[in-house]
Structure formats: structure tokens, C-alpha cells
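Take a look at the structure set out below.
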Amino acid sequence: MPMISILCSLFPPLLFPSLLAAFGASIAAGIIGSYIVVKRIVSISGSIAHSILGGVGIALWLQYQFNLPISPLHGAIASAIFVAICIGNVHLKYHEREDSIISMIWSIGMAIGIICISKLPSFNSELSDFLFGNILWVTPQDLYFLGILDLFIVATVSICHTRFLALCFDEKYMALNHYSIKTWYLLLLILTAITTVVLMYVMGVILMLSMLVLPVSIACRFSYKMSHIIYIASILNIVCSFLGIMLAYLLDLPVGPVIAILMGGAYSLSLLLKRSYNASTPSPVSPESKINS
């Protein structure tokens with residue numbers, strides 16, 4: 001295929017596993033990022049993302065201390081889903097302030113992770129990889145697992161897209177049609193948790209929100225339709241990720257920060273393009289505005 005030939009000519013074979021992981025992460029981030037920006041739960045996503053470090057640290061410690069066959073990816077997915085369910089239930093059932101819950105979980109998750117990783121002989125390198133991303137250490141087993149997670153996200157959203165739109169824009173409609181708001185809200189948080197685990201391999205724990213939020217914010221400037229926003233955000237993620245991997249490889253830099261800088265540059269460019277946008281076109285949609293499906 002022409003596209004594969006182009007990629008083979010541009011990227012060395014060593015980077016192909018990293019490119020596959022970045023492609024899957026870009027699709028997941030473009031899809032889920034669109035919902036969390038419109039639903040205004042970016043801060044919750046940040047809490048889930050940072051709490052991953054706790055699961056990663058526990059998995060690495062168990063692996064080192066007891067020689068258990070536990071991957072950091074397994075610890076990350078378990079902690080992310082657990083935190084997502086906890087945040088959702090506390091918010092919906094007890095109506096506690098979200099900012100208080102987020103602050104508590106954010107700090108506890110990071111603290112547990114740092115304590116566990118500090119007990120490892122390779123503390124600095126492991127911590128740097130998970131905080132700032134190092135997609136070059138993706139193994140074939142991790143790649144298969146990431147592919148399964150990505151397919152699950154795409155399949156679930158394809159089936160439940162209408163319900164998620166109603167959750168984001170019209171919860172009264174869901175209640176009138178006897179749909180469980182709690183169930184769909186928790187499902188969205190779980191999908192967000194899975195997405196953050198996928199992004200951990202590309203961006204690291206600290207910088208993954210830039211891949212979730214910035215491309216969606218750019219797309220929202222130029223389209224009303226939710227489906228268009230998802231497509232644009234996914235394409236922007238793919239372009240910035242591939243370019244970031246190549247630049248990081250050539251310049252011997254960490255991948256996550258390079259991609260984050262490219263995302264920031266793309267967002268700044270969108271601000272300039274916004275000024276030259278056709279004046280007769282209605283104002284682009286904002287994350288808070290109602291978006292059509």
C-alpha cells in the first residue's frame with residue numbers, strides 16, 4: 001500500500017512498534033477526549049491519569065519483590081478503573097465536591113506510586129519513563145494488550161455514541177427515556193480510565209492531558225458536529241505523535257514532552273487561523289456549547 005511504503009521510507013523499522021502504539025493511542029484520545037472536554041470532566045480525567053502512577057508503582061514493586069508476572073500495564077489499568085469507579089460513585093451517590101475528591105485521589109495515587117518506585121533499584125529511569133513517557137520501550141505483549149484496549153474503546157463508543165451525547169448535553173432526556181445516568185456516566189469514566197492507560201505509553205502520566213484536550217480544543221474551533229470533532233482531533237493526534245516520535249528519535253529527546261510541545265504549537269497556530277477564518281461562518285463551537293452528533 002502507498003501509505004505503508006511512505007511510512008517505511010520515513011521511519012526506521014525500529015520505530016514501527018512505537019508508531020503502532022501511537023496510532024492506537026491517538027484514535028482513543030481523539031474519541032474519548034471529545035466527550036470529556038464537552039462534558040467538562042477534564043479535571044476528573046487528570047485525577048485518573050495521575051492516580052495511574054500508584055498502580056504502576058505497586059505492580060513494579062510486586063514484580064521486583066516477589067518476582068510476580070505482573071506488568072506495569074496491568075497495575076495501571078487496575079488502578080485507573082478503580083479510581084474512575086470511586087470518583088463516579090462518590091460524586092453521584094454522596095454529592096461530594098468534585099474538586100475535593102480529585103485532590104485527594106490525585107495526591108494519594110502519586111504518593112503511593114512514588115513510594116513504591118523509590119524502593120526499586122532503577123528508581124530514576126523507571127519514574128522518568130512513567131512520568132514523561134518513553135514509547136520506545138513498548139514490548140510486543142504490551143502492544144497486543146494496547147490493541148485490545150483500543151478496539152474495546154472504539155467498539156463501545158460506536159455502539160453507545162447516542163447515549164454519550166445525551167449524557168453530555170441532555171440528562172433530562174436520558175431520565176425521561178429511563179436510561180440510567182449513573183451507568184452511562186461510570187462507563188464514560190471507565191473508558192476515560194482505559195484511554196489514560198493507553199496514553200501513558202506515549203505521553204507519560206504528567207503530559208497525557210495535552211493529547212486528550214488540546215486537539216479537541218483545536219477541532220472545536222472549526223466544527224459544530226461531534227463526529228467531525230472526533231475525526232479532526234484523532235488526525236491531529238496522529239500527525240503530532242508521528243512527528244514527535246521522529247523528532248525525539250533524531251534529537252535523542254523524550255517522546256512525551258516533544259509531542260506536548262507540538263500540540264501546544266498546533267493550538268497556537270489554530271488561534272492565528274481563527275482570525276483569518278471566514279467572517280460569514282458562525283462562531284466556532286466552544287467546549288461548553290451544544291454540539292450536534
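Positions of Cβ are set from backbone N, Cα and C atoms, glycine also.
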(message) Which range is it, out of 41-61, 209-229, that shows up in Swiss-Prot as transmembrane segment?
(response) 41-61
(message) Pairs of Cβ atoms less than 8 Å apart decide it: which stretch in 18-38, 41-61, 68-88, 242-262 has the most with the transmembrane segment (101-121)?
(response) 41-61
(message) For the transmembrane segment (18-38), give me same-chain residues lying six or more residues beyond its boundaries with a C-beta closer than 8 angstroms to one of its C-beta atoms, as numbers and ranges.
(response) 7, 11, 44-45, 135-136, 138, 142-143, 146-147, 149-150, 153-154, 157, 164, 168-169, 188, 191-192, 194-195, 198-199, 201-203, 211-213, 215-217, 219-220, 226, 229-238, 241-242, 245, 255, 287, 291
